[in-house]
Amino acid sequence: MTIDPALFAAALRALTPILFAALAGALCQRAGVFNISLEGTMLVGCFAGVAGSWFSGSAWVGVLAAMAASAAFSLILAVGHVTLGADPIVLSVAMNMLAVGLTAFLLRTVFGTQGSFSDPALQGLGRVDIPLLADVPVLGPVLSGHSPLLYLSWLAVAGLAVLLYRHPWGLRLRGVGENPEAATNLGVSVTRHRYGAIVVGGALCGLGGAQLALGNVTLFAENMTAGRGWIAVVAVMLGLAAPIGVFLAALLFGLAEAFGFRLQAVGLPQQAADAAPYVVTLVALFLSSRRIRRRDEAKGTLTR
Amino acid sequence: MTDVLRGRRGAVLIALGAAFVVATVLLAATGADPLRAYQALVVGAFGPDGFPGTLAYLVPVLGMAIALAIPLRAGMVNLGGEGQLVLGAITAVIIGLHSPLPAGFTVLLAVAGGVLAGASYAALAALCETSLGVPLLVSSLLLSYPAMSLASYLVRFPLADPGSSLPQSRRLPEGVALPGIGLGEVTIGLFAVLAVVVVFLVVDARTPAGYEVRMTGAGPRFAAYAGIDRPALTLRLLAASGGMAGLVGAIMVLGFPFRFIDGALISPQYTWIGLMAALLAGASPVGTALAAFFFAALTNGGFDMERVTQTPRELTAILQAVIIVFLAASTGLLRRRGGSR
């Protein structure tokens, strides 16, 4: 097996949908909402992205459709949990189930097909070559020539970091997550901030879904998120809900996936490659568990 | 059952009503006649031709519901049911194919092996929480994927059926099967699952162990003060949970089609339907059984509904999720209005 730029480029592609979903999870976590509906919300985005692209003939309309549909879908969690006081885990499990059923149902009623939908006329996102960077040896092939949403995901990391740590809204959001009573006493609306976090998170999941269905490939398949939303939940935990941490956690997963596929070339069975990212993530969690546990004990979140 | 419905009867009615409205809208939107669809759904679920199919669904759905309800009773969520289910099934197939014993003993050994495989794998997830500090929710979930990959590898290569292009194991030898009960494909596995429900009910309601579990579920801090050894409890509950999942896996391969087909235990979403049933009932034994029966009937009725009205049967999966969403929301609302939050 050779370690070459293509390997790292593959890792970056693999991590992008997870990164979007994990940023969504981090945002919710910061607002004090434990969101494990990322898997389903992303799947809704995959379908809406493909449907939007197919009916408009433009991949970007597909991206917008994915963001809108996923944001709307995440309202179930916002209304159910924030307004009506439902248990977020129960709601999330039902939402994931709903997304699987709903997208399969729509696949059959809208496209009249089962299993998957792809068509040569379906518009994907294509690739962007970054001027100048594309010509740099090693770095060029790794960093250039990806889907535009991949670059957007890095902007989202930076944007979320600035928002959370350098903007009053982020400060208030963290306050809502860490001490809702105090936030309320200071006149900060817990409801409004949690709604914001969940719905913006939904739109981010939609971007992840669009990248998966229109960026990495150009098709919709039933249950195509295949556990990526769950990995995102883990990435939030591993990255301590900080944008950079979440990025590194998602990168670890992307590298494991890319390495796994590369190892197939030297005779490792495909199933071992499939399992590799989960095992690597679990090991990473062991190694960082002390840190996580300390933080959880301080905050009393997540372990439940 | 009283603790399921106490204060929740209203919530259940709201949820069922909401699902009914959603279903009617979706049916009308696809151009189907809702009345015919409902009729087909009910006949498909409970009619003389449909009921055996409902019972066949009940085995995995109820089995997984109970598996997930056991730790849920103490407030612990086991998200790794799929891996434990599949490991139980593949272990039973390996034993079934290779045991030199007479068929009857092989079946018993295969069931025991399936239970043990599921139990030890779930115990591993518990150890991840108690010894390594990875939350159970995550350790159980993450461990599930390698188990599914392992099973997939085994049926595609060492155990593969050479005469078939499908990813499936060889067929179990003649006689290595659970006896049928004369109702479609239903085997005595149904009674095994029902027996576990009864044991769960008795332990939950009548024993100190059950009381410990419920107390932990009601207030983990208080339970800790009361001297409950949480790590040991986690280990025991997860082993019981995984053992039940493994039992379901063994039952599924020791009945039709008498082999392990890759994905056949995953794509019908038994684990997630089971988890929803357990969540719906607050993990109470009888409530979980009723919810699982309802979901099994709905899922099976969906096939007839699809045949009669051309409405995709995925509609029933949507309905199950809608019921849970509305139930969770209305329970939350009632609790909040009651002021006992």
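Glycine is no exception: its Cβ is also placed from the backbone N, Cα and C atoms.
TrEMBL has this to say about the protein:
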- B:55-74: transmembrane segment (TRANSMEM)
- B:86-112: transmembrane segment (TRANSMEM)
- B:132-155: transmembrane segment (TRANSMEM)
- B:176-203: transmembrane segment (TRANSMEM)
- B:237-258: transmembrane segment (TRANSMEM)
- B:270-295: transmembrane segment (TRANSMEM)
- B:315-334: transmembrane segment (TRANSMEM)
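Sequence-distant contacts of the transmembrane segment (B:176-203) (same chain, at least 6 residues past either end, Cβ-Cβ under 8 Å): 51-53, 55-56, 58-59, 62-63, 66, 69-70, 96, 99, 103, 106-107, 110-111, 209-210, 244, 247-248, 251-252, 254-256, 258, 285-286, 289. Within the chain, the transmembrane segment (B:86-112) has long-range Cβ neighbours (under 8 A, six or more residues past its boundaries) at 118, 121, 147-148, 150-151, 154-155, 159, 169-170, 172-178, 192, 245-254, 259-260, 265-266. Within the chain carrying the transmembrane segment (B:55-74), a Cβ under 8 angstroms from the stretch's Cβ atoms is held by residues 81, 84-85, 183-187, 189-190, 193-194, 196-197, 200, 204, 213-214, 216-217, 233-234, 237-238, 240-242, 244-245, 247-248, 251-252, 265, 268, 270-271, 273-275, 277-279, 281, 283-285, 288-289, 291-293, 295-297, 299-300, all 6 or more beyond its ends.
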